[in-house]
Amino acid sequence: FNMESDSFEDLWKGEDFSNYSYSSDLPPSLPDVAPCRPESLEINKYFVVIIYALVFLLSLLGNSLVMLVILYSRVGRSVTDVYLLNLALADLLFALTLPIWAASKVNGWIFGTFLCKVVSLLKEVNFYSGILLLACISVDRYLAIVHATRTLTQKRYLVKFICLSIWGLSLLLALPVLLFRRTVYSSNVSPACYEDMGNNTANWRMLLRILPQSFGFIVPLLIMLFCYGFTLRTLFKAHMGQKHRAMRVIFAVVLIFLLCWLPYSLVLLADTLMRTQVIQETCERRNHIDRALDATEILGILHSCLNPLIYAFIGQKFRHGLLKILAIHGLISKDSLPKDSRPSFVGSSSGHT
């Protein structure tokens, strides 16, 4: 057939592509319904399983330690620490789903529709809550350093309300996954877990992808760029060396988040534009998108275990807090404790909770 002159709709008019949806979690294509025969359905599945297993172990251990250190230090807990506590909780909840995703890479989705919805929801909530919490941290740092404001963020009930609101908004943004994900069975391939919106799939895809990505990624990203831009300018102008050093942890956390999730978001945007025919779809482009989705998804999954490593290597206060816990329980000598062991990851904050 002539790939240049005919559209895919004309070439495959007799086929039903209403359920042909590219999931962020499981097989990006189903050979019996896809307009192109994929060159490669997925990255080597056993390689992916090994990565998932390592991320699961590192995330489980690392985020548990982060939560332990923050929860143990009630007196010196800063506003930023509360946000980081919720960030660790989100990563930990997602990590608990990784064994299920790993098994599905080998055997297909054998866990039914209920678990399909639950683990997909946890992944989306982890993504949205992560960037929303980072946006809140950027606002907190902006108020504390640029405006020297303490009154807005030092009240405990307000910080708790903000965190609860972030979880609620993240659930709302992830609601399409909860509503439309299900186990899909197709001939010649293993069962899969992905969105199924029936005959309205094409009509809803743009709305259900672009809106959550806009409000759950682009808007918080713009907030962070604004806040950290002015924060950095203030730090350099005032030569606030100590606070500048304390901000290294937060900047590292934000940078790692963007490096892990921005590529996936861009590829998902390209996939959405292609599926809604804003960008012409060809077999070559389809295969490139498939491979990019697989690769960038793995990069995003890696993020759930990286924050504790940042705290361990860059966050001096986290190391001090962990050593303090070990000393209290007699695992190390108290003489090895540093003089300043306040367990706040980022130094002074705009308030304490």
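These residue numbers are counts, starting from 1, taken along the chain as shown.
Each Cβ is built from the backbone N, Cα and C atoms, and glycine gets one as well.
Swiss-Prot lists 1-45 (among others) with the feature topological domain 'Extracellular', giving sequence analysis as the kind of evidence.
Positions annotated as N-linked glycosylation site by Swiss-Prot, on the basis of sequence analysis: N19.
Annotated transmembrane segment per Swiss-Prot: 46-72 (among others), in sequence order. Beyond its flanks by at least six residues, the transmembrane segment (46-72) meets 81-82, 84-85, 88-89, 91-92, 94-96, 98-99, 101-102, 105-106, 298, 301-302, 304-305, 307-309, 311-312, 318, 321-322, 324-325, 343, 345 of its own chain at Cβ-Cβ distances under 8 Å.
The predicted model assigns the topological domain 'Cytoplasmic' (73-81) a mean pLDDT of 78. Positions annotated as topological domain 'Cytoplasmic' by Swiss-Prot: 73-81 (among others).
What Swiss-Prot records for 82-102 (among others) is transmembrane segment, and it gives sequence analysis as the kind of evidence.
Marked as topological domain 'Extracellular' by Swiss-Prot on the basis of sequence analysis: 103-117 (among others). Remote same-chain residues near the topological domain 'Extracellular' (103-117) are listed as 26, 42, 45-46, 48-49, 52, 177-178, 181-183, 189-193 (criterion: CB distance under 8 Å, separation of at least six residues from the stretch ends).
Here Swiss-Prot flags C116-C193 as disulfide bond, drawing on sequence analysis. In the three-state DSSP classification, C116 (disulfide bond) falls within a helix. Around C116 (disulfide bond), the C-beta neighbours below 8 angstroms that are at least 6 residues distant in the chain are W109, R181, R182, T183, C193.
Summarising the annotation, Swiss-Prot assigns transmembrane segment to 118-139 (among others).
Residues annotated as topological domain 'Cytoplasmic' in Swiss-Prot: 140-160 (among others).
The transmembrane segment annotation in Swiss-Prot covers 161-180 (among others).
Here Swiss-Prot flags 181-205 (among others) as topological domain 'Extracellular', drawing on sequence analysis.
The transmembrane segment annotation in Swiss-Prot covers 206-228 (among others).
For 229-248 (among others), the entry in Swiss-Prot reads topological domain 'Cytoplasmic'.
Under 8 Å from some Cβ of the transmembrane segment (249-270) lie the Cβ atoms of residues 24, 80, 84, 87, 127, 130-131, 134, 137-138, 141, 209-210, 213, 217, 221, 224, 228, 279, 289, 292-293, 296-297, 299-300, 302-303, 306-307, 310-311, 314-315, 345-346, all in the same chain and six or more residues away from its ends. Summarising the annotation, Swiss-Prot assigns transmembrane segment to 249-270 (among others) and lists sequence analysis as the type of evidence.
Look at Swiss-Prot and you will find 271-291 (among others) tagged as topological domain 'Extracellular', backed by sequence analysis. DSSP places the residues of the topological domain 'Extracellular' (271-291) in helix, strand and coil in these numbers: 14 helix, 0 strand, 7 coil.
Annotation source Swiss-Prot lists transmembrane segment at 292-312 (among others).
Taking residue pairs at least 6 apart in sequence, the transmembrane segment (82-102) and the transmembrane segment (292-312) share three or more C-beta contacts under 8 angstroms. Other C-beta atoms found within 10 angstroms of the C-beta of C193 (disulfide bond) number 27, with every protein chain shown included.
A Cβ distance under 8 Å defines the sequence-distant neighbours of the transmembrane segment (118-139), meaning residues of its chain 6+ beyond its ends; these are 24-25, 80, 83-84, 86-87, 90-91, 93-94, 96-97, 100-101, 162-163, 166-167, 169-171, 173-174, 177-178, 181, 193, 212, 216-217, 220-221, 223-224, 227-228, 231, 250, 253-254, 257, 261, 300, 303-304. Through the fold, the transmembrane segment (82-102) approaches residues 25, 48-49, 52-53, 55-56, 59-60, 63-64, 66-67, 70-71, 111, 115, 118-119, 122-123, 125-126, 129-130, 133-134, 136-137, 140, 159-160, 163, 166-167, 253, 301, 303-305, 307-308, 345, 353 of its own chain, all at least 6 residues removed from its boundaries and within a Cβ separation under 8 Å.
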